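A.B. asks: Pasting a structure below so you can have a look.
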Amino acid sequence: MLKPEQCVGKIDVSTLPARKGDLEEEERIRREREAMPPVAAMVNLRDFEVKFCDSPRLLLDFFQKVAERVLSRTAWAYYSSSAEDEASHGLDTGFVHAYMTTSFMGIKTALPIFVSPAALAGLGHPEGEVNITRGAGKAGIIQGISSNASRTIEDISAARLENQALFFQLYINKDRKESERIIRQIDELGYKGIMLTVDAPVLGKRERDIRNRLPTTDEETPTGRTGVSAQLDSFFDINLQWSDLQWLKSITDLPLIVKGVQTVEDAELAIEHGAKGVYLSCHGGRQLDYAPAAIDVLWELRQRRPDLFDKAEFYVDGGARRGTDVVKALALGARAVGLGRPFLYANGTYGERGVTKAIEILEEEIALAMRLVGARSVSELRPEMVERNDYGLVVLRDE
């Protein structure tokens, strides 16, 4: 690896000559996009990941991966990859198959959902996070902006509507002065809060992403980690301590949400050290494989420490694909539910129209689920509406 002083500048990848494989990939994507169904054909969030095919067989055979077909291999590998055997990603979808306004850190939001901060939306669409910002703004929901966004925070800020709330997901930098600079910048730009990620001292082994970057011959085999993920964590401070929350609070008045909490004990400590929000998440199954799903941690919190819900706001993400998934989490005490991959897929396939359609689908499904369980507002959802089955999944009980 070259030393920093040997760096002569950044490479403009757009000026590099296209390789044969790149040209073939572009042609494949062009053909697949031409064959895509219209956005109006999307009935649920999983449809953004699937594609109509010619076979009139069973419904499950009637769909094939759409995002996998129309995104570049790099984008698909990065978005869809999870840690190692991807067991946690499967468990993280364990939600299984009125009035919806709420507040998010004191900010009114039209729906009890938000956009989870997810990196590199530009891999799927040139406008990247800007499309998601526009869609979220029109719908009146909160968007979390990743530290590793494809677009600059200035670009994203410029795309928002007046009074649209953005939250910034922060990795603490090894150089604390750089973290301070970023915090001052987002404060000046009017961001409304910080989501401090605490579950990623290093990034997990995301094998789909790695395989996409593997060479074709043994002679080219690189040493160390490969893939998009390997390029993102070089600046992370791996020595993050609970005391660092006090340091953050000393340099900003923005509300602090601790993201990546996976145990009751860490939720207790986050609140004890001044967090206004506790964000239950296993990073989409992309960090430690077999990490507990956020919905299971939320259930455990409700059983063991229900008092904590009066001391901080709780948020969850990971695996929600239906309005019923959202309603389950709300009933257990979550203030709102985040979605990451669905918006990446919606943006990567249909751009801003896809993001808007995804939100519309969720809005309809949440309203339907609330009506069917007899809740006229989010505040009427209660833990007694939810039970666990023998497989550890959460299901709604008809009462």
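FYI, residue positions are counted from 1 along the chain as it appears here.
Glycine too: its Cβ is placed from the backbone N, Cα and C atoms.
Pasting the relevant annotations from TrEMBL:
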ACT_SITE  H283  active site, proton acceptor
BINDING   Y78, Y171, R206, H283, R286  glyoxylate binding site
BINDING   117-119, S146, Q169, T197, K259, S281, 317-321, 340-341  FMN binding site
DOMAIN    100-391  domain 'FMN hydroxy acid dehydrogenase'
A.B. asks: Have a look around R341 (FMN binding site) and count the other CB atoms within 10 A of its CB, chains all included.
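C.D. replies: Neighbour count, Cβ to Cβ under the 10 Å cut-off: 25.
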A.B. asks: 10 Å Cβ neighbour count around R321 (FMN binding site)?
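C.D. replies: R321 (FMN binding site): 22 neighbouring Cβ atoms within 10 Å.
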A.B. asks: Rank aside, I only need the closest one: which of the binding-site residues Y171, D317, G319 has its C-alpha nearest to that of H283 (active site, proton acceptor)?
C.D. replies: D317
A.B. asks: Sorry to bug you, but what's the C-alpha spacing from Y171 (glyoxylate binding site) to G319 (FMN binding site), rounded to the closest Å?
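C.D. replies: For G319 (FMN binding site) versus Y171 (glyoxylate binding site), the Cα atoms are 23 Å apart.
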A.B. asks: Using the structure shown, find which entry in K259, H283 (the recorded positions) has the sparsest Cβ neighbourhood within 10 Å.
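C.D. replies: Selected from the recorded positions K259, H283 on minimum Cβ neighbours within 10 Å: H283.
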A.B. asks: What Cα-Cα separation, expressed in whole Å, is found between Y171 (glyoxylate binding site) and R341 (FMN binding site)?
C.D. replies: 20
